[in-house]
Amino acid sequence: MDKENAGSSGVGGDSFILFEAECSDTDSESPAQGESTDEDLLDNATAVPGNHLELFQTQEKEAGERQISILKRKLCLSPCSADSEVEQLKSWACCHKYHTSEANPVVRRRLFERGDPGGANTPVNHEADNFSPSGLQVQSGENRWSQEKGKGGVSPVPSSAEPNMAACIQKLFKTLYIASHGEITRVFQSNKTVNHQWVILAYGVSEVLYSASFDLFGKQCNCLQTSRKVHEKGSISVYRCMFNVAKSRDTVQKLMTTILNVTAGNLLLQPPKIRGLGPALFWFKLTLSPATLTHGTTPEWIQQATNVASNTGEAAKFDLGTMVQWAYDHGFTEESKIAYEYALCAGSDCNAKAFLASTSQARLVKDCCTMVRHYLRAEVQALTMSGYIKRRCDQTAGSGSWLSIMNLLKYHGIEHIQFVNALKPWLKGIPKYNCITIVGPPNSGKSLLCNSLIAFLGGKVLTFANHHSHFWLAPLADCRVALIDDATTACWRYFDTHLRNVLDGYPFGIDRKHNTAVQMKAPPLLVTSNIDVHAEEKYFYSHSRVKPFYFKEPCPASDNGEPMFSITDADWKHFFERLWGRLDLSDQEDEVDDDECSQRTVTCSARNANDIN
């Protein structure tokens, strides 16, 4: 059949289908264009589980590690970091151990671990509180910060970590011993300050060295008390030492590091508090423990604080009269001397102990000194010259010879009887005989004779250099005799113009500082000078008021430069006892009968009638 007549044939449809298929579009058209795709949305096959959950967990883990890395950026150090950075971080890691909660387990890991052989560093996720820098080995036990190459020793602690180390030791001490380190010790700022007693805290001392240290320290201490307690964070050894000689912190530190084999960073050294009941009770209670080792006697400050008799009653009250009586009996008239000597009596005197506890010590010392001077001044003024000399002789110990004085006078050509006759009215203060002058060249022994006599009689020395002050004559109100050493032309001119009545021995007025002016009789006066007043016509009115003695020869000296003549208080004591009658001094037995009030003991405090003086 041809193509032209195909469509008009009425026989079958096969030829039609083939004819139409051949007349379709090009073969490049998709064969599935006219077909439906709805069946692709449904899958009736068995479902296979995928990895989407694992992928999600991996992504969350990577995000968490990135956040941790950002958070620890200031602390993350690789093993290749500089050693200085690791050393600076080491102190933080050591001290941070004590601040970790005990409820959480302590985990120590390296921040960077070696990964593949290529050397890539893989960050490890761990707790930030349990961080430890790479290269630092943290151990539990005593030597927590020891290095692997060490053999039981403690590694040196950097200087920047010492304050933190001290705080860690103090916290561990308070944990083990309840008491605080600051409550039982006081602070010495300087390492050079010496003291006999020291409290030493040593961290990480082995038990063997602790036992051996007690025997070694016992040879150097009068009193020793040691104790050691062990904790999971380390051990603390406590030493309370009273050394035979005073030592500084540097000296004790060197001694401890040598004996205990520890570094200076593992030691705390401070002197103990010796005042207060709390520190004394701490050491006393510590001695009751069987683990405490003691050597020697208990210090006195602990005995007094723990003594029942001294703590059951009321606290002792300070009595100023008792202090004044003590100063009067010892003859102390200087404030510094009174304060120092009375403070030394605090160990045996309850009133002195109360004085140290007072907050007005300066005022009390000043009042005490003022009262003692009042008593002594009144007592001296109540005595006659004979009684005063007798009292000075009784207060002088030892024996001497009056010949040393006579030999000096004989050396200068002065008759003994002439000097004694001039001394007799001089002691009585008779007008026109009240001033004796020793005149001579330098190094003739003038000051030797006069100063020894004034020292024996307890007189005062006036200095003309202070004559511009209104109060330079004030010492004359508190003495029985006085001396002006090495009077110059200006001094003689001043006396000849203003103080002729003092040379005479008549009453005159004295202006005293912070007191009203007082009128009194001029005491006997000694003057040494290189100027002969009697040879000067301008001092004509002073000739009758001054009794001169001339020392014309220079005083001989030994090979060592010391003077050949030596005069002591004992020599003057023997001089007055030998010439008592010739000096016309009164008999003391008659004076006792005439004036019993001046001879009785002065009572400066309110004593009980049954007290023994």
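Just so you know, glycine gets a Cβ as well, placed from its N, Cα and C.
Copied over from Swiss-Prot, here are the features:
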type: REGION; residues: 23-43; note: region 'Disordered'
type: MOD_RES; residues: Ser78; note: phosphoserine
type: REGION; residues: 114-159; note: region 'Disordered'
type: REGION; residues: 148-315; note: region 'DNA-binding region'
type: DOMAIN; residues: 400-564; note: domain 'SF3 helicase'
type: BINDING; residues: Gly440, Pro441, Pro442, Asn443, Ser444, Gly445, Lys446, Ser447; note: ATP binding site
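Highlighted in sequence order, Thr528, Phe551, Pro554, Cys555 have their Cβ within 8 Å of the centre of the Cβ atoms of Gly440, Pro441, Pro442, Asn443, Ser444, Gly445, Lys446, Ser447, the residues recorded for ATP, and are not part of that set. Sequence-distant neighbours of Ser447 (ATP binding site) (same chain, 6+ residues apart, CB-CB distance under 8 A): Asp485, Asp486, Thr528. Non-local neighbourhood of Gly445 (ATP binding site): Leu408, Tyr411, His412, Phe551, Cys555, Pro563, Phe565, each in the same chain, at least six residues away, with C-beta under 8 Å from its C-beta. Summarising model confidence by region, the region 'DNA-binding region' (148-315) averages a pLDDT of 84.
Proximity of Pro442 (ATP binding site) to non-local residues of its own chain (separation of 6 or more, Cβ distance below 8 Å) is seen for Asn530, Pro554, given in sequence order.
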